[in-house]
Every structure is written in structure tokens, then in C-alpha cells.
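For reference, TrEMBL has these:
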type	residues	note
BINDING	Ser128, Glu198, His226	Mg(2+) binding site
BINDING	Arg333, Asp347	ATP binding site
Amino acid sequence: MVRPSRLWERRVLGALFPRQNRSGVGAARSSSTRAARLPRMEYQDAVCALNTLQTNASALEQVRRERGNPQLQLQAMKAFLQRSGLEVEDLDCLNIIHVTGTKGKGSTCAFTEQILRNYGFRTGFYSSPHLVQVRERIRINGQPISKELFTKYFWQVYGRLDETKDAHGGTMPAYFRFLTILAFHVFLQEKVDLAVIEVGIGGAYDCTNIIRKPWVCGVSSLGIDHTSILGDTMEKIAWQKGGIFKCPLSVCPDLEEYQVEAHPLHLGLAGQHQHSNASLALQLSQSWLQRRCFPGHLFLLPPLENGRTSQATAFQLSPFMVKGVKDTEWPGRTQTLFHGPITYYLDGAHTTRSMLACVRWFREAAAQQEHAAGVPAVRVLLFNATGERDCAALLKILVPCYFDFAVFCPNITEAMASSSADQQNFNVTLEGVLTRCLDNQNSWKNLTGQEVEPSSGLLIPGSLPLVAGQRRTETLVFPCILSALRWITQGRDPVLDGPGQSSAPIPASVVAKAEPLREAAAIHVLITGSLHLVGGVLKHLEPSTAA
């Protein structure tokens, strides 16, 4: 993907915010109103403008430089919030539940939001990353805000920030900071009863930590991730996560300790690891409800003694809670899709701990599916990982699943650069992501005792190289997600042959490798290693998500 030119950016901004009107907040509000009325400024225009703020690599470097003084980052975030027309005190009205953690924080938020929505409250939910469309990050009553609402509020906020940037050294908030500010605006304008806010990275230095008075905070399970920012030990990471706490700490009980009438408790999210997330969500919901239903009463936890944490108490679950954890959906996390003879298992695991949980879930679910069908299945791994992850360590965990094929591809949805702006990433190069896929292929060969040889590169239409594994191996590398999926399914999933989907032609030598897939009674495909990979797969398997 190529970053939109500065000329394009100037043309868009020139149409939206004429130079002669850039004289302050008042002018910003009037110009943003005009922008909202411009018929050509539609959802994709807003996303393209948002992507001009996608300086994640430089933003992360800034975080590393300033992590010794987190107040600098929080002050910058507060300044951006003020420029957008809000004060930090305005956020107090959102009755916020603030959640951090290395793994499971998104699932915890999803459980919590569903429970409280079942009570009849109007909920806001801010999460990251998105899978298919960026508006998934900002939800009202469990649903991504509409394209119309996203576009309306985007230009209002973007206009105010753009109008004031000349007086602030030309600065604009980076991608995640902007979306956080946008979420606060949306939730306030849409008058939610509460907002569930998921931390981006860490806690203490995260831009969501400008929240002054959350009603309750939570932390899900911890693990080693984002070490260049958060530190390389559990103690350092725990300190970062604890930076959002505004109250004493209490440890959640096991899920089995809660009292449930008439029937066992069922969770909408699969996997044993979801039990601790559900327990945390129940405690968060209960604490929020107590404050809502008994205003003026403080339900404080027992004080800590000698540095020890207190133990939260299990309680009788209401029908709303039971139904809430059962009805929770959180796409891309232990998700199963059945498409005829092909079963897709999707999980965005990308840390050692989460990959262990993913493997436990996949092996159990796939075995149950094979037993129910009465026929063996060909197993295929579709893998990619991004950032600073140790891919070899993640792949080592996957080896015991006994895959018949290991397929690697970058998080590029289609070969002809026709993917939507929602899934564009300007912080990586095509050469870099394909090289990483080849490294992953070699790691898999090493782990499975296969000979590693120099791979041959084939140039395909659209100037994207297709690199296939050597003959007599069971590993392949494809240039995009759609090419990989089409090879894996061998024409047996009609949804992958829809109109407007473009993929590169596959050489005959690579086609020949797929004979076991064409003859198999069933195919089980595990997609893991990256939520961005999972999102790209869902775009093709569930086209409605991209509509």
C-alpha cells in the first residue's frame, strides 16, 4: 500500500477547511458543519483522512522516549481533547468502566457490555484493533456506529483539530489518540448511560488514562508483550497495567464459585481461558450496578494488608448476568465458521500465553468436529504475526496440532491493492512483510525437521511476488489472504469467488500440491497469529462485515 499523497491531503483539507477561515474554534465549528453537508465527503473519505494520522511507528518511538515522564503524554492527550472541544471533566459523565490487561481485556469488555446492556442501559464500547472496518472500534448498544454517524462525528472532531493545529506547531493527534477522542465525543453526543473503555497499550502511559473518575477498573491476565514500551518482565508490565487503577485492588474468584439457579453457566465465548474474563466482567458489572443503584454509597474494597490483595466475593448471578455471558459475541476470538466441508477456526492469538490457549481450544474443538462428522479432516494452518513478536516461539506451540499444511501470508487482503481504506497499514513495506512470511516458513521447516532451502520467487501480475515453498514440503507462502484462502479451499467455498474479489493466478506446481485438499472429506483451517490477519480473513468469509 502507498501512503496517500500530501497533494491529495491538501486538496481534501482545502475543500473542507478554507485557509481564510482558519482562525480559531468558532471557525472550526462552522467549517466542520459545512464539511458535514458536503455530499462527496462520505465514509471512505473520512477513513482516508484518518489514515493520514497513521503514524504508529513514530508514535511508538515517542512513547519510548517519554516513558520516563508519562505526564508529558497525558498532557499532550489532554491538549488534543481540549482542542476538539472537550474538557477532561466532561468524561466524568460517561460513568466509565476502564479495562486493561495483556490478553482477554477485549473479551472482558465484551462480556461486561453485554451484561449491562441486558439490564436495559444504553452502552458505549471502545476497543481496538478493528477487524474489518474502523467503525467497529466505537459501538453503541453492542453495534458498530453506522457509517453515517462515523462520518458525521469524524469531520466534526477532525475539523476542530485541523483548525487549531497552526497555533500548536502543526500537530495533530496520531491515529489511536484521534480515535480515542472521537469515541469520547460519540458517547457524549449519543448520551450513553455508561462507556466501557479498553486500554490500547499498557495503562499508565496510555492515552485512555486521561479518564479521571472511572466507576470501576479491571485488569485481565498479564503476559509478555510490547516489551519495548512496557518492559521485559512481568513486574514492569504489571506496574504499567496498574497505572489505570484509581481504587484498591481485589482478585476475582473462579467462575465456578458463582451461584447460578437451575442450570449451569454457559459462555458465549469458547475456551477455558474465557472463564477468568467472564468472572472479571461479572465483578465489573456488579460494582457498576451497585454504584448506579445506590448513589452516594461507596462500595470500597477492604484495605490492603502487607501488600496483599483482597479477594472479591462470588455472588448469586441475576438472570440478566447469566444471559449476558451466554449471549456475548466477540468476533475473531475462538470463533468457528462452518462453510460446507470447510471449518474455519479463527483466533487472533499473538502472545505465548494466548497461543497456548488457542491450541487447547483448537485441538478440542477440531477433535469434537471430526468425531461428530465421522470422517478425518485435513488440517491447515494459516499464520502471520506482526510487530516485535517472536514468531518462532509462537509456531513452536502450534507444531503439536499436526497440520497437514502450513500456509503463510501477510495481512494484505487482496493482491491488486483493492482493499478498503479501513485495512490499510502505512507502517510496513511489502518487501518487509513478505520477507517475514518466508522467515516464518523456514522456522516451521526447522521446527518440523524439514530441510530449509532457498525459496524461488515468482513474479505475478500486479507486481506482487508469489513465493511458494520448495517441492516435497508442506509449507507455502502467498502474497495475500485471498490467494491463500482460495488455494486452501480449492473452489469448495463459493463465498471466496464473489464479484470484485481479485487474487493472483497460482502456478501449476503450487496447484499440484493441493490434491489432498481437493480429495478431503473435510478441511479444518486454523487462522491465528494476528488479529489483523483474522480481520482480513473475515472480510472474505463474511462479506457483510465489509458492507
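Any Cβ shown, glycine's included, is placed from N, Cα and C.
Shown on the structure are the features that TrEMBL records.
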{"residue": "Ser128", "record": "Mg(2+) binding site", "Cβ neighbours (10 Å)": "19"}
{"residue": "Glu198", "record": "Mg(2+) binding site", "Cβ neighbours (10 Å)": "22"}
{"residue": "Arg333", "record": "ATP binding site", "Cβ neighbours (10 Å)": "26"}
{"residue": "Asp347", "record": "ATP binding site", "Cβ neighbours (10 Å)": "25"}
Pairwise Cα distance for Glu198 (Mg(2+) binding site)/Arg333 (ATP binding site) [Å, integer]:
16
If one measures from the C-alpha of Asp347 (ATP binding site) to the C-alpha of Ser128 (Mg(2+) binding site), what distance in angstrom results, rounded to a whole number?
15
Arg333 (ATP binding site) to Ser128 (Mg(2+) binding site) - Cα separation in whole Å:
13
